[in-house]
Amino acid sequence: MPYLNFAERISQVYLNKYTLALVLVTIKVYLFQKTLVAAVRNIPDFSDCSVDELPTKVSVMIRNMVENNLNSFTYSTLALLHVAAKSILNLIWFAVEMLLGTYTCLFKAAIVGTSDFAADTSEMVVKGLNTTIVEITHDIQSGLDGLSSILNKVVSTASKVADFFTGNNNSDSPDQYQKSISLSLGKLTNLSIPSSVLGEINKIRIDPDFSSVENSTKKLIEEPFTSLTNQWNQNETLSLGGVKFPLLQPLSVCDIGSKSIQELSHNLSTSVEMAAKIVIIILAICAVLVMVPLIYDEWRKWNREERIIGNLVNQNTHYYFDLREAFSNLLHPYLRFLPKSWLSTYVFSNYSISFLLVGLLGLFVVFLQYIILRILIKKAKGTDIDTSQMTKELSNMTSVYLSQIDSYFQKQEDNINDKLFGSVKSTSSKINSTLHEFMSTLNDTVNSIFSNTPFSGPVNTIVYCTIGRKIDKVESGLTWINDNLSVKIPNINKKQLSDNLKSVISESDSSAGSVFAKGVQKTIAMYKSNLFLEFVISISLVGVWVMQLLIGVIIAVTKSHLKRRRLGSLTSSLDKTRISSPKELTKEEKLQYGYGFSVTNPYEVQRYSSKLSGTKIYNT
């Protein structure tokens, strides 16, 4: 940099390749730290929380299964009840008709036989009485006629005697008394049992009619069953009463464990950030410190150039020095300590040294990144998640869910019993009232036939023993049905469900923790793989330089061998003409011969000509 002064040169020292390399290393470490921290912090977001929805999905499946089973149960029960209702109706009517028909036939036979006997006997009695009365009245009439003539004579004589003593000739005629007596006998003559009595007796011959009892009974029995079947037909799409099956809420395992997971993630990322900051600070300090020797070197160069240029200007002589070798290779200050050999020049040339420096820089970056990753590995060991809060929530959630299931089954049980058997219970009550009314009608019919007869008591007893007692039993059975007809839905096994849910939660707990741990391990493994790849690449670059070293050794050995051969051939011809070893030039001589330096900027020579005029050249 011959055109720049010392201050201008110092202003660009920070742009040296060493500082640039350290800055690149710092950037690489920073990017590595950022990506690693981001990966660690994102692990909780990628945790498998799908297990949280598992209980809800299971409860939905249970709900669908329970509702489908309940609907199938209700439909099957409705169909069964339709068949049962028709069967019971026909059986009841068959029993009633059998009992009523049997005893109607018996009643008819008893009534017909009794009425025929009574009618025939009564008719004979009436006819006999009428004949006897007529004969008796004729006999009495004959006697009365004779008595009437005697009495008339007595009356006539008495009347005449009375007239004699009284002298009254206007006395009543005796025929008046005779007429009166004859009239009385005439009424007795017409005396007989009326024929209407025979008509009433003949009415008993007519068969007793129980058809009204049958028709009314059949109508009464069919009415509740018809109403019941109509109601069932309306409930073909029997709903479940609008009661919803309880669903388990999401477990929120990740929400509960998120605090622990976030704390672990924060701790790991903090450790990584701290380690990266330390490394970055060290690299920044190194980047600053590496400029110190460079500044010093620039200062030495500047002083030397000032002295040389001043001496040259003072002599007013232009010397041309070759500075290419001194300034083209910036590693010259370090290489000067190495033996001045061809091999060192070859392997540390600009082409070869680039691969070596980049490879070593890569290894250094890998080493720094591995330090950060190693800190993460150490911190990641023994990462556990506190599941006590999860267990507590599980216990509370399970208790609430089981109570909700109990409430659901109880409501469904009441709903099904009401919709399926509510009408059955009302029908049983109606049948009870129907049977009661039937017995009342039957008793009224029997009483209308046998009332005020000697058969009333026995017939009522027979009716009760044969029909009434059975109807009482039927009424008792219907009452029992009304009190006990219900469906008891079997409840779920609470203990088994609770154990299963706890098993799911424990698996989800371990899943949450294991997923986080696996995420950390996968992240570490991924970055290890990346670091290994960077290590391989860096080693490959160093290997290229090593290969160049081997090539240089081969070339150096070859050249040395050729040189020895040439020297051997020259030795025989120059045995007598030996030249002594050259003497090293002094510094003044080196300046005169232009050894190692060249002045390429006349402007600088003129600039310092007046300043350095008259000065001597100092030894450097």
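Cβ from N, Cα, C; glycine included.
Residues or ranges marked as N-linked glycosylation site by Swiss-Prot on the basis of sequence analysis: N130 (among others).
The N-linked glycosylation site annotation in Swiss-Prot covers N169 (among others).
Annotated N-linked glycosylation site per Swiss-Prot: N190 (among others), in sequence order, evidence recorded as sequence analysis.
The N-linked glycosylation site annotation in Swiss-Prot covers N215 (among others).
Among the features that Swiss-Prot reports, N-linked glycosylation site is placed at N235 (among others), with the record citing sequence analysis.
In the three-state DSSP scheme, N267 (N-linked glycosylation site) is classed as helix. Among the features that Swiss-Prot reports, N-linked glycosylation site is placed at N267 (among others).
Cβ-based neighbour count (10 Å, all protein chains) for N396 (N-linked glycosylation site) stands at 10. According to Swiss-Prot, the feature N-linked glycosylation site maps to N396 (among others), an assignment based on sequence analysis.
Marked as N-linked glycosylation site by Swiss-Prot on the basis of sequence analysis: N432 (among others). Cβ neighbour count for N432 (N-linked glycosylation site) (all protein chains, 10 Å cutoff from its Cβ): 19.
Secondary structure from DSSP puts N443 (N-linked glycosylation site) in a helix. The N-linked glycosylation site annotation in Swiss-Prot covers N443 (among others) and is backed by sequence analysis.
According to Swiss-Prot, the N-linked glycosylation site annotation covers N484 (among others).
Residues or ranges marked as topological domain 'Extracellular' by Swiss-Prot: 1-19 (among others).
Averaged across the topological domain 'Cytoplasmic' (41-86), pLDDT for the predicted model comes to 65. Per Swiss-Prot, the feature topological domain 'Cytoplasmic' maps to 41-86 (among others); the stated evidence is similarity to another entry.
The topological domain 'Extracellular' annotation in Swiss-Prot covers 108-274 (among others).
Per Swiss-Prot, the feature topological domain 'Cytoplasmic' maps to 296-352 (among others); the stated evidence is similarity to another entry.
Here Swiss-Prot flags 374-534 (among others) as topological domain 'Extracellular'.
The annotation topological domain 'Cytoplasmic' is assigned in Swiss-Prot to 556-620 (among others) on the grounds of similarity to another entry.
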Roughly how many Å lie between the Cα atoms of N432 (N-linked glycosylation site) and N443 (N-linked glycosylation site), rounded to a whole value? 16
Can the transmembrane segment (20-40) be said to touch the transmembrane segment (353-373) if we require at least 3 CB pairs below 8 Å and skip pairs under 6 apart in sequence? yes
When you measure from the Cβ of N443 (N-linked glycosylation site), which residues in the chain that are at least 6 apart have a Cβ under 8 Å away? N460, V463
Quick check for the class: what is the C-alpha distance, in angstrom and rounded, between N267 (N-linked glycosylation site) and N396 (N-linked glycosylation site)? 31
